[in-house]
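Structure first, then comments.
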């Protein structure tokens with residue numbers, strides 16, 4: 001994924017929409033902040049998600065972090081390999097580290113998401 | 001972050017080293033410098049340095065200080081020889097735990113002795129407020145909060161003793177476990193104790209605040225060839241959990257008594273009374289309803305504080321107080337309180353981890369014990 005073409009949630013999820021299907025993951029920045037990942041939980045295929053709804057969680061040695069959907073729609077695919085290969089979130093967060101694919105109902109609301117530049121700015125400010 | 005956040009004499013060092021900082025008990029403290037697991041493993045295999053300056057250090061001067069502490073603590077202090085250290089509890093009248101503390105009896109090189117309590121950072125103000133009215137009967141005892149005038153550094157790990165070789169005026173190698181002495185580094189006094197909270201061998205150093213950064217740097221330098229690593233509060237928590245050590249605010253609180261917490265060994269009733277002794281004697285006479293246990297959780301998902309513990313019939317029988325994936329053992333471990341009838345080692349439990357069920361068993365504590 002070209003990071004500059006992605007949209008980002010303030011909660012560090014990235015989303016790429018193509019032909020009505022959104023691919024969602026979390027950023028390298030988020031994975032590095034979490035460090036020492038030990039577990040993750042992803043939703044079932046077929047689940048309907050609203051914008052901002054919790055779709056799973058990722059856990060580090062220290063804490064649990066919820067994952068929020070940046071789009072609304074139906075989960076059509078999950079990355080089943082990922083929970084046993086959490087290293088991918090650090091090494092290839094925008095590629096093999098994708099989490100779920102969602103058939104979006106309508107276009108994502110870009111006004112509620114950040115472009116690459118705005119997201120970089122948020123990270124630089126330490127949020 | 002609040003306006004009143006306190007710093008330690010080492011805060012700027014932590015920031016310069018790139019630590020992830022977080023407010024803890026009113027202090028700006030390092031959580032990790034990159035990876036909790038890396039720091040955890042360094043402590044188990046080499047040596048680590050922790051800034052524990054946030055912990056409260058309260059000094060008692062005066063001939064009757066042992067008598068005062070005898071009244072306040074669940075263990076006798078008056079028979080603690082100079083150089084000795086004792087783990088003890090401070091309870092309220094009902095037997096609830098106000099804090100778990102270390103009491104030091106320190107002999108000054110210049111002569112003279114004093115006692116010192118090291119208390120949990122989160123309880124420091126509470127303990128000082130608790131002490132104040134109870135000091136009235138002991139006008140000759142002078143109590144001083146030394147926390148901000150001093151710094152406390154924990155050096156922990158199998159190579160901790162090798163790290164300090166040649167560093168102090170009087171070597172630390174003969175120092176017994178739970179003993180302390182006062183020595184010097186570059187003519188500046190340091191209280192050195194063979195104590196810690198990680199399950200490893202090691203030392204805790206109390207220095208003057210303005211000496212802390214220099215001593216810390218010297219320890220980092222001396223430990224370089226041993227693979228020393230600065231470590232934050234994140235791995236301090238995983239280390240103490242593997243070592244089965246309770247933490248105030250998690251396993252211990254004012255609504256928990258020492259008997260249920262499995263700390264009966266730290267309550268000494270023989271020929272003495274102390275605040276809470278009457279209540280504790282009654283609690284001791286009746287078996288506790290709920291007890292602290294170690295728990296091994298099946299699978300890979302850790303149970304966290306607050307997760308409910310269920311029996312085979314889905315009835316609530318307790319709750320998790322601390323939990324993580326053990327970096328040493330590589331599986332989820334936890335501590336919690338369960339109904340006494342489910343507390344035998346090997347008893348099957350079910351944990352409700354945010355709506356999903358995980359199988360677990362009561363495990364012996366500690367989960368990890370170093371080779372001595």
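Quick reminder: no glycine exception, Cβ is built from N, Cα and C everywhere.
Annotation source TrEMBL lists substrate binding site at B:204. Residues annotated as domain 'GCVT N-terminal' in TrEMBL: B:10-270. The domain 'Aminomethyltransferase C-terminal' annotation in TrEMBL covers B:292-369.
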Secondary structure content of the domain 'Aminomethyltransferase C-terminal' (B:292-369), with strand meaning DSSP E or B: 3 helix, 41 strand, 34 coil
Model confidence over the domain 'GCVT N-terminal' (B:10-270), averaged pLDDT: 96
Listed in sequence order, residues with CB under 8 A of the residue listed as 'substrate binding site' and six or more positions away: B:52, B:152, B:153, B:154, B:155, B:192, B:193, B:195, B:196
